[in-house]
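Chemist: I grabbed these lines from TrEMBL:
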DOMAIN    9-163  domain 'MobA-like NTP transferase'
BINDING   Leu12, Cys13, Gly14, Lys25, Asp71, Asp105  GTP binding site
BINDING   Asp105  Mg(2+) binding site
Amino acid sequence: MRHEDGISGVVLCGGRSSRLGGGDKPLLRLDGRTMLRLVVDRLRPQVDALAISANGDPARFADYALPMLPDTVPGFAGPLAGVLAAIRWAAHRPGCESVLTVAGDTPFFPADLAQRLAAATSQTPDRIAVATSGGRRHPVFALWPVALADDLERFLTQEGSGRVNTFIDRHGGIDVAFAPVVGAGVELDPFFNVNTPDDLAEARRLAEIFGP
């Protein structure tokens, strides 16, 4: 994995986990460590700085010793509210041009995510690069120019839309395809995420095969 200059990273942990009994999905454990720990350890080497986007009591994430970014728009506006908080935070960091967001319930995302998304926008830095796999877009795994902050806030507050793909497409989203990872005869979509108890059991099995 390679570190990318001018890119900050934010883990989005604001999703509701109703199918897992509530609480914070990223704090569930796979191999003795939380999913959030696996995500942080995978993202940290790829970016200049790191923070967590989440609402509620920040003390529950105190063990990670990272800046906490609550939503800056009222109501539960979905993942784009977390993206906006991420962009606002990153925009105040010297030399930061873009912010990479990832989901806190997706512990196997690619170790070269930042590198490949940055390469896709090297000639068009005003566009959003977003990860895909198996023909499916993963819109929270994206590289967002910090210059989009005001437009994103208008999109959320004036248009009343929280559709991530709509905003990405408005700004000429560039899809970047990632291949499955194969190990021990098992094929893994690197963007496999945990939504149900069965997903959690599968993630624990995959963690034994693919490691951190």
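The backbone N, Cα and C atoms fix where each Cβ goes, and this holds for glycine too.
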Chemist: Could you please provide the mean pLDDT value for the domain 'MobA-like NTP transferase' (9-163)?
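Modeler: It averages 92.
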Chemist: CB neighbours of Asp105 (GTP binding site) within 10 A?
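Modeler: Around Asp105 (GTP binding site), other Cβ atoms within 10 Å: 26.
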Chemist: Helix, strand or coil by DSSP: which one applies to Lys25 (GTP binding site)?
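Modeler: The residue in question, Lys25 (GTP binding site), is helix (DSSP, three-state).
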